[in-house]
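Since the structure comes first, as structure tokens, the remarks are kept for the end.
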């Protein structure tokens with residue numbers, strides 16, 4: 001039956017391996033797939049592919065590697081570079097889910113007659129009177145719903161997140177019980193195409209950007225306080241690299257790449273109460289003009305904070321926080337929840 005055929009996206013890690021095991025236990029006819037997203041010489045993905053292939057061999061399911069390097073470069077990596085050039089701090093994992101991963105894998109599944117796609121994300125799904133809802137993973141320490149805010153609402157009913165109701169210890173225990181070779185494999189922590197975490201070196205080596213473009217360091221009134229080595233070295237909230245010469249610590253308040261300026265100020269100037277969003281995506285029925293009480297995550301690891309969500313148009317919204325938020329960073333995602341349910345979110349454009 002077509003509704004029992006599914007693709008399982010395999011990263012080579014323990015979460016997707018256990019997701020495959022659980023889907024198989026539910027009677028799904030699976031095909032394992034891994035997306036090759038970056039040149040072999042620049043990202044350590046070969047071991048992950050070997051691990052994914054071994055998982056499929058253990059489970060007795062077919063496995064294939066899909067080449068999406070060009071699409072990934074165009075839709076994710078080049079946007080990553082452009083965002084830094086524009087003075088923003090990008091979130092490539094959410095962008096990849098938004099523009100590439102889920103839609104592409106569902107399309108690949110259709111070629112094989114598979115209507116469902118399963119992944120190892122820590123998130124949950126629930127059926128409601130208005131359709132399928134996306135919920136936070138039960139293990140809030142591992143919850144990955146933040147990265148899924150921008151996927152299409154129309155595909156939720158075709159997704160499965162088998163480990164979303166488990167915690168990490170339970171996942172590893174199940175992998176050990178069933179003899180999966182990745183039971184103790186360490187989780188990946190960095191951006192997949194910047195495996196050493198040094199984004200500055202990546203911008204220099206991959207994009208050929210000149211990181212040494214000295215400019216003025218100014219305060220919020222425009223007074224010149226000194227000079228900086230280049231805006232690409234900084235992000236909002238950063239203290240390191242600003243030099244001394246002040247009785248009070250200075251922090252980056254904003255970047256102005258057009259004028260090659262870094263705007264700095266004291267700790268108290270980092271706080272903002274109003275955040276404007278663009279490219280919004282909502283996973284439930286919300287309409288322009290509406291206002292909703294929500295909790296918001298401004299970064300993946302941040303705590304969800306109370307705010308009022310004002311919907312300005314289909315693609316634009318404004319958040320007014322109960323308490324001012326520290327170092328709100330343009331280019332990052334603001335993701336909105338009501339209780340456990342993810343409503344959606346948008347990309348941070350500006351603050352007040």
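Using the three backbone atoms N, Cα and C, a Cβ is placed for every residue, glycine included.
Among the features that Swiss-Prot reports, ATP binding site is placed at 9, 10, 11, 12, 13, 14, 15, 16, 35, 120, with the record citing sequence analysis. DSSP classifies residue 9 (ATP binding site) as strand under the three-state reduction. Packing around residue 9 (ATP binding site) is summarised by its Cβ count: 23 other Cβ atoms lie within 10 angstroms of its Cβ, all protein chains included.
Taken from Swiss-Prot, the feature active site, nucleophile covers 96. Remark: residue 96 (active site, nucleophile) has 37, 72, 75, 76 as non-local neighbours, by Cβ distance under 8 Å and separation of at least 6 in sequence. In the three-state DSSP scheme, residue 96 (active site, nucleophile) is classed as helix.
The disulfide bond annotation in Swiss-Prot covers 96-192 and rests on sequence analysis. Other C-beta atoms found within 10 angstroms of the C-beta of residue 192 (disulfide bond) number 19, with every protein chain shown included.
Annotation for residue 121 (site 'Interaction with tRNA'): spatial neighbours 15, 137, 144, 145, 147, 148, 161, 163, 164, criterion Cβ-Cβ under 8 Å with sequence separation of six or more. According to Swiss-Prot, the site 'Interaction with tRNA' annotation covers 121 (among others), on the basis of sequence analysis.
The active site, cysteine persulfide intermediate annotation in Swiss-Prot covers 192, and the record cites sequence analysis as its basis.
Long-range Cβ proximity for residue 332 (site 'Interaction with tRNA'), meaning a same-chain Cβ under 8 A and a gap of 6 or more residues, is found for 89, 90, 91, 298, 299, 347, 348. Annotated site 'Interaction with tRNA' per Swiss-Prot: 332 (among others), in sequence order.
Across the residues the record lists as binding ATP (9, 10, 11, 12, 13, 14, 15, 16, 35, 120), the two Cα atoms farthest apart are 17 Å from each other. Cα of residue 13 (ATP binding site) to Cα of residue 192 (disulfide bond): a distance of 13 Å. Residue 11 (ATP binding site) sits 11 Å from residue 192 (disulfide bond), taking the Cα positions as reference. On a Cα basis, residue 35 (ATP binding site) lies 12 Å away from residue 192 (disulfide bond). On its own chain, residue 35 (ATP binding site) has 9, 65, 66, 68, 72, 101, 104, 105 as residues at least 6 apart in sequence with a Cβ closer than 8 Å to its own Cβ. In the three-state DSSP assignment, the secondary structure recorded for residue 35 (ATP binding site) is strand.
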